[in-house]
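Reviewing the structure listed below.
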Amino acid sequence: MTEATLTPPAVPRLTSLSHGGGCGCKIAPGVLSELLKRATPPALFPDLLVGTETSDDAAVYRLNDEQAIVATTDFFMPIVDDPFDFGRIAATNALSDVYAMGGKPILALALVGMPINVLPHETIAAILRGGESVCAEAGIPVAGGHSIDSVEPIYGLAAIGVVHPSRVKRNAAARAGDVLVLGKPLGVGVLSAALKKNQLDAAGYAQMVATTTKLNRPGAELAALPGVHALTDVTGFGLLGHTLELARGANLTARVHYASLPWLAGVEAFVADGVFTGASGRNWAAYGTDVRLADGLPPVAQALLTDPQTSGGLLVACAPEAVDDVLACFRADGFDRAAVIGEMVDGPSRVDVA
């Protein structure tokens, strides 16, 4: 842990105050889709380059021919018990959506909901400091925010970034023949479930915090590469869910090579022991009909592939000739587990895993 926990022993664990943690507490994708269908369709705005059409990572609004604004918000309940780490993870996760659009963050606003009569002010202050530390690392200020007294602890950011209109990377622009590259290892949801069950050791906790607090800064550089066609980040809907968004947006089939997927240490063993989040099942129920799992995959495959990631890695669809540059971009920023995991091919809008 990077800062001593400030809560006294009598104070409840942060994770005990929430019914779900991190991106695992997202509304299930099927329910969210149904809710959005019932919403009033937005008016047409010619300068709104990216809205809700393809469930992309952030909204993008063109100011002029040289500049567009990237706007997003993300918040959730605690995924860890250390308040400083919770703040860091939530802030890193929120900024990721700006990077996933190819943008550069310029400022953030804090979104804070806390059970004021349950948590000491020192604990809440540590959460805020954690978020501020990540924003400082990203080179941006926390310029304000909003707070409420809530039943469960909630923290996150509204993040604003900038991007050149020609460099906006949507999740619906993959092409047949593109190679899929993933920036971070998978399994955060499994580790969070193990933590909540008191089964995660210090080494497991350290790797969980390390991956969830690593900023997806390569996004802006990746957007500048001519061979990069589509970009998103893997979060609450799991690898399958976000890969399926690429496939649906491009009307293609995404082929994922299970043996090539990078995993955080220990997650396969945890799942084999029945330790994973309820969100995995909800994710599969929402989109499993559009996924084909090959015979011979390990029994843990479905739970791992649907595992909700908090502050997960960037998922890139790029031309084959751009793969080396994409991997070099990741490696230069310390993403040493970045890996080629599949490709986009002609076919129905689905994900095939073999």
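Note that Cβ sites are derived from N, Cα and C of the backbone, with glycine treated the same way.
The model shown is predicted, which means the values in this text are computed figures rather than measured ones.
Site annotation (Swiss-Prot): Mg(2+) is bound by Asp57, Asp97, and the candidate from Asp178, Asp201, Asp233 recorded at this site is Asp233. Same-chain residues with CB within 8 A of the center of the Asp57, Asp97, Asp233 CB atoms, the Mg(2+) site residues themselves not counted, are Asp56, Ala58, Thr72, Ser96, Val98, Tyr99, Ala100, Met101, Thr232, Thr235. For the binding-site residues given as Ser55, Asp57, Asp74, Asp97, Ser147, the lowest number of other CB atoms within 10 Å of the residue's CB is seen at Ser147. The subset of binding-site residues (Asp74, Gly145, Ser147) lying with their Cα within 10 Å of the Cα of Asp97 (Mg(2+) binding site) consists of Asp74, given in sequence order. It is 12 Å from the Cα atom of Ser55 (ATP binding site) to that of Asp233 (Mg(2+) binding site).
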